[in-house]
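J.: Okay, here's the structure, questions in a sec.
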Protein chains: 4
Amino acid sequence: MKYPLRGVIPPMVTPLLENLQLDVESLEKLIMHLLNGGVHGIFLLGTNGEGPSLDYEVRKQLITESCRIIAGRVPVLVGITDTSFSAVIEMAEHAKKEGADYLVLAPPYYFPISQSEMVEYLEKIIPQVELPVIVYDIPVCTKLHLSLETIKSAKEMGAFGVKDSSGDLGALYTLIDAFKNEQFSIIAGAELFMSDVLMHGGHGVVAGGANIFPKLFVELYEASINKDFDSITLLRQQVLQLQNEIYEIDDSPTKSIRAIKSALSLMDICSDHMVPPLSGFCPEKKKILEQRLKQFAI
Amino acid sequence: MKYPLRGVIPPMVTPLLENLQLDVESLEKLIMHLLNGGVHGIFLLGTNGEGPSLDYEVRKQLITESCRIIAGRVPVLVGITDTSFSAVIEMAEHAKKEGADYLVLAPPYYFPISQSEMVEYLEKIIPQVELPVIVYDIPVCTKLHLSLETIKSAKEMGAFGVKDSSGDLGALYTLIDAFKNEQFSIIAGAELFMSDVLMHGGHGVVAGGANIFPKLFVELYEASINKDFDSITLLRQQVLQLQNEIYEIDDSPTKSIRAIKSALSLMDICSDHMVPPLSGFCPEKKKILEQRLKQFAI
Amino acid sequence: MKYPLRGVIPPMVTPLLENLQLDVESLEKLIMHLLNGGVHGIFLLGTNGEGPSLDYEVRKQLITESCRIIAGRVPVLVGITDTSFSAVIEMAEHAKKEGADYLVLAPPYYFPISQSEMVEYLEKIIPQVELPVIVYDIPVCTKLHLSLETIKSAKEMGAFGVKDSSGDLGALYTLIDAFKNEQFSIIAGAELFMSDVLMHGGHGVVAGGANIFPKLFVELYEASINKDFDSITLLRQQVLQLQNEIYEIDDSPTKSIRAIKSALSLMDICSDHMVPPLSGFCPEKKKILEQRLKQFAI
Amino acid sequence: MKYPLRGVIPPMVTPLLENLQLDVESLEKLIMHLLNGGVHGIFLLGTNGEGPSLDYEVRKQLITESCRIIAGRVPVLVGITDTSFSAVIEMAEHAKKEGADYLVLAPPYYFPISQSEMVEYLEKIIPQVELPVIVYDIPVCTKLHLSLETIKSAKEMGAFGVKDSSGDLGALYTLIDAFKNEQFSIIAGAELFMSDVLMHGGHGVVAGGANIFPKLFVELYEASINKDFDSITLLRQQVLQLQNEIYEIDDSPTKSIRAIKSALSLMDICSDHMVPPLSGFCPEKKKILEQRLKQFAI
């Protein structure tokens, strides 16, 4: 492993042209924005990256170009989750070939499946792919909340960590406790609980908001691992502001994802073209977003 | 439209070789089994067909080969549902080119979306594709239960009908009532309510069990539209037996899908190779299945 | 048993004065309205009767007065469901003393409980009370959907039947099939599926709408058991109209219950005073209700 | 108000005799156990106290005796939640008469209701009762997750605080933020998140486990408000042990409540008689519990 997996790892938004092809120029800008903010890794093709919506050629090109631009400065994580089994394997091979560092794998998200079916599924993938796998728990999209037993099985097969976007903080604390004496990265998805999770033993965060304000999240990460509670209080207040003001402009179930891409377009980093069924904000909401973004003391 | 969309339309299982490539020989056997049973249409790449799990080349080959074998004897419906927007369009074009008759489209199933986002999504597809579209309501897989308003919007955009696998019979009856004076096919997915739905004005059924016993379902269809209640009672009893004995051998959420493919393998029609995360029954369960299948008076 | 349990059994609304005491005069009017409509039984203190909201003295008085007014003309069912264990027993004893015929018992509805805890609970009640018990499945209120095994256990303890308001028609058909050769009343709560359920072997219906239009439901019951499909089609259309026009005026989760009591007040049968958290319609909605009621060809 | 509402407030278990009458002797022992542990208040008739299951006379006697025993040493909170509207008012009056300090009120838990119906309901209670009201959010029992708007409305009517047992830590953090500049007590129900909530501005905790180990929770409270992170880490580890070892012996939805009363019986504080549908542990589980309790370094 080139890098230990820790820290702030933004689930990178995918910059697109109007024809939904990859916008390589904006990709460079976005990656530089994140690296300049001090992030510790970059996660491609996740939920915020609209991974499952993208054309397969765009997905591959994104991996290729991102690995080229990042050039080993931070680890690259690639989401390979797919309902098509052969597409999972193919994307894993492409990621390996282009020099990515980790694969991120959630349950295939069409059929409702049981924990034991998920374990059997992981057995067909984790030992076969060449990069270390992070299992990804995101039941709001996949319908399956991975149990502790399933995650333990994944570890036995060679998984390197878990990314928890379950929204179930009790389960996350149980995870941290269960693996506290082992080499297993616990990465949390919830921005608002970030400092809590890091103070109690979590290793990192995949925070969508770090696409907009990478430095805010990196500073909060530093404050949390240093248990600098005064800084935590100040920085966490801005994360709360992000949640309550930026992510609540729209009322769609993907309101935060849409807000983040719209914010990046207002910041001239990339356009807010999104693949259906998602879309950027309408002009009215974009105006509200613009005003609210200005109020951030960052 | 070559054929009015009515009757029994099996959501055809996809015959696979051990390497998960298409088994064309078994495909011929299965299609002949269905046509000999008198089915009124065949639905490719649905939930029972493991559509979202298949390799994209296998999906295309399945369409091509099935259209060739069916050769216009019954209408061919093709599931084009995908989370990748470009893959939806590409599969629609392939289906048109190969001579299929209808497209079947459910919500993209990764992101949770709202009704209005679904309407916007349909607007980007229904007017653009060249074959008539049946919208597909299957919340247990897609997380979105299409509202009456969404289905009415789909009709205004040119949708030709709806396939309801919502499990919500109240909503289905409301659908039938809402479209009773219009040209709009109401196709139900629930086998056990099939006669009820047909007697109250529904047009057809997509019954997974018709893969095993096409004739049973065709006879129940005839009895239902003729309001021959004595026959309904007898035939419905066998559908109930299918539900309670065949579909309850396993306890997986996809127990009926797995049972159907395993039954077809016991009937020497096709193997029970399935794409992960699904799989055929273990030998013990297959034995139970074999014994129970023998007790059908068909 | 004085009467076999079959037919249309309205879950009777509880007529109240403004001070939420029992309105005995209106109770007489309402009971006569139901008996004149030909109903086969009357169910007191159910969900439509606001049973769990009422003052305990009002509940007892309702039982006493209703038994007196009904005077054995049809069987009287009394809902005894409560979270307080001693209150269940006390209400069962009162019902027995006043001459009621059946007790209706749902899970205690505060704690979430398992099927096995429900079985243990029934063991502490069914053998102890003196009247025959109908178990009541209404998960939308109680959070527990009774399994077939739980209902079979209830039967073994002496339960006389089940009232299914689960909304799960598949489970209801499985129930009918499971008990088809036994003495066990299957009573359905869903108005729209009433004819389906009766034609497939169900014994009766607890239809809230029968408070308003008892004769409509009695005629639909007759048509259903006679398999007179032309009459079914006509009458069922009115039930559908009730669902789509009367029960959809409000958007509260208890919209049908509120509509039924408001309709009875417009029909001068009883006031629409309801116990908090429910309430009758506001004047605007009452006006809409009045206009829509006029359009019923009854 | 005699006392500001802060700190550790156990939701006190209700000691019962075998005949389910109040065990006054054990009540004294339990209250002394809690007061000796340093708790800052005592909450009667909550979920852990089996409030909704108890006989009404037992509820009243519990209030009377507890107020007598506590004798003003800490504030007494009384759960008045009921589905019967008149019972809510009656219990509120009894609590006032006997000298209790606060009332705790959750949604009436039979009917599913909307936020606006809950607001109307609160309007009929909060201004009418004489003691300050804490609104109680416990959707796993009541089916309604109180919205921020509903809680704000409650505050405007005079509510004094909120007890959050929603399990939704994001919502709880939003609550804390929304009321940070106002006089409004935010009391959390989740034991595992206790230190997080207190460090981020919450005022107190209603921790079921404080029935067993009041001192543990009081020390964790002190450490949290003092931001003594080393102590937090040590003490929190024991709360985690409580969660993972004591609350996971049974698999019932009320496993923690049953474990707590069984533990108190092993500690000779009160019996584990519980009102149906709950019950104490069987001898096998009690043995496991006994062994696990011994491993606590308290």
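The chain as shown is numbered from 1 upward.
Cβ from N, Cα, C; glycine included.
As annotated by TrEMBL, active site, proton donor/acceptor applies to B:TYR136. Under the heading active site, schiff-base intermediate with substrate, TrEMBL lists B:LYS163. As annotated by TrEMBL, pyruvate binding site applies to B:VAL206.
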J.: Secondary structure at B:VAL206 (pyruvate binding site) (DSSP, helix/strand/coil)?
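T.: For B:VAL206 (pyruvate binding site) - judged by DSSP and reduced to three states - the answer is coil.
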J.: Quick one: pull the CA-CA distance for B:VAL206 (pyruvate binding site) versus B:LYS163 (active site, schiff-base intermediate with substrate), whole Å only.
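T.: Between the Cα atoms of B:VAL206 (pyruvate binding site) and B:LYS163 (active site, schiff-base intermediate with substrate), the distance comes to 8 Å.
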J.: Would you mind checking how many other C-beta atoms are within 10 angstroms of the C-beta on B:TYR136 (active site, proton donor/acceptor)?
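T.: For B:TYR136 (active site, proton donor/acceptor), the count of other Cβ atoms within 10 Å is 28.
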J.: Using all protein chains in view, find how many other C-beta atoms are within 10 Å of the C-beta of the residue listed as 'active site, schiff-base intermediate with substrate'.
T.: 29
J.: Could you tell me the C-alpha distance between the residue listed as 'active site, schiff-base intermediate with substrate' and B:TYR136 (active site, proton donor/acceptor) in angstrom, no decimals?
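T.: Spelling it out, the Cα of the residue listed as 'active site, schiff-base intermediate with substrate' and the Cα of B:TYR136 (active site, proton donor/acceptor) are 5 Å apart.
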J.: Once the chains shown are all counted, how many other Cβ atoms turn up within 10 Å of the Cβ of the residue listed as 'pyruvate binding site'?
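T.: The Cβ of the residue listed as 'pyruvate binding site' has 27 Cβ neighbours within 10 Å.
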J.: Helix, strand or coil: which one is B:LYS163 (active site, schiff-base intermediate with substrate) in, per DSSP?
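T.: DSSP assigns B:LYS163 (active site, schiff-base intermediate with substrate) to strand.
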